Amino acid sequence: MKNAFKDALKAGRPQIGLWLGLANSYSAELLAGAGFDWLLIDGEHAPNNVQTVLTQLQAIASYPSQPVVRPSWNDPVQIKQLLDVGAQTLLIPMVQNADEARNAVAATRYPPAGIRGVGSALARASRWNRIPDYLHQANDAMCVLVQIETREAMSNLASILDVDGIDGVFIGPADLSADMGFAGNPQHPEVQAAIENAIVQIRAAGKAPGILMANEALAKRYLELGALFVAVGVDTTLLARGAEALAARFGAEKNLSGASGVY
């Protein structure tokens, strides 16, 4: 078993991604052919569940783009279900400290290394037990990315980075800026300083730093600092702004309500 995304991070190869929020396998397959290294299937803020994640994993499977799945919470039951339908790389939201990071890792590992329940006969991940020795290979194929999104998490970053099994740390600019008192303004100098310092610290610890940033100049800046997995856009935003721009070119009045945002 292999995890191409995990291997790329370990090799230090920057991976450029796109956020998927449409919760639809048809659009996921369309975007899987666009040339991004990875696609984030969002179960935290998009209307996804295990079934919709499954259909998107199936739609993406034949393309080079690697799927990353974000559950709605650091919940071992939800994590178990996502792994069973075939997710190998998870982005765990709102991890505040080392204990929560350890819990995330444990949820992705079969015993004795962790607490993942064994149900491989029912699981797409094992191809219904057609993958030889799946139970003994699966742990090494898991890629765990944790999100730090608050001042508390930032203050605990060093101990989070010490947790075995953490492959990368993702900085959440939207929640971080809100927690720092600058909601809706992740480009505030204080927020940017915190983000840049974290990227350098994460990379120095031998882990992969990641972030979502649709501002092209900032995304490139983060890559220069050492970020290794950077999402540079969101499907819903691309569709909404692209449709508005097309309509505007033919005389439609643009509805500006909500047109600007963090991403």
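Residue numbering: from 1, along the chain as shown.
Cβ from N, Cα, C; glycine included.
Per Swiss-Prot, the substrate site holds Ala174, Asp175; the candidate it also names there, chosen from Gln88, Gln96, Gln137, Gln147, is Gln147. Taking Cα separation as the measure, Gln147 (substrate binding site) is nearest to Arg70 of the recorded positions His45, Arg70, Asp84. Here the Cβ of Glu149 (divalent metal cation binding site) has 22 other Cβ atoms within 10 Å, regardless of which shown protein chain they belong to.
Other residues of the chain with a Cβ within 8 Å of the Cβ centroid of Gln147, Ala174, Asp175, the substrate site, are Pro93, Met94, Glu149, Ile171, Gly172, Pro173, Leu176. Around His45 (active site, proton acceptor), the same-chain residues at least 6 positions away in sequence with a Cβ under 8 Å from its Cβ are Gly21. Distance noted between the C-alpha atoms of Arg70 (site 'Transition state stabilizer') and Asp84 (site 'Increases basicity of active site His') is 14 Å.
Per Cα geometry, Asp175 is the residue among the recorded positions Asp84, Ala174, Asp175 nearest to Glu149 (divalent metal cation binding site).
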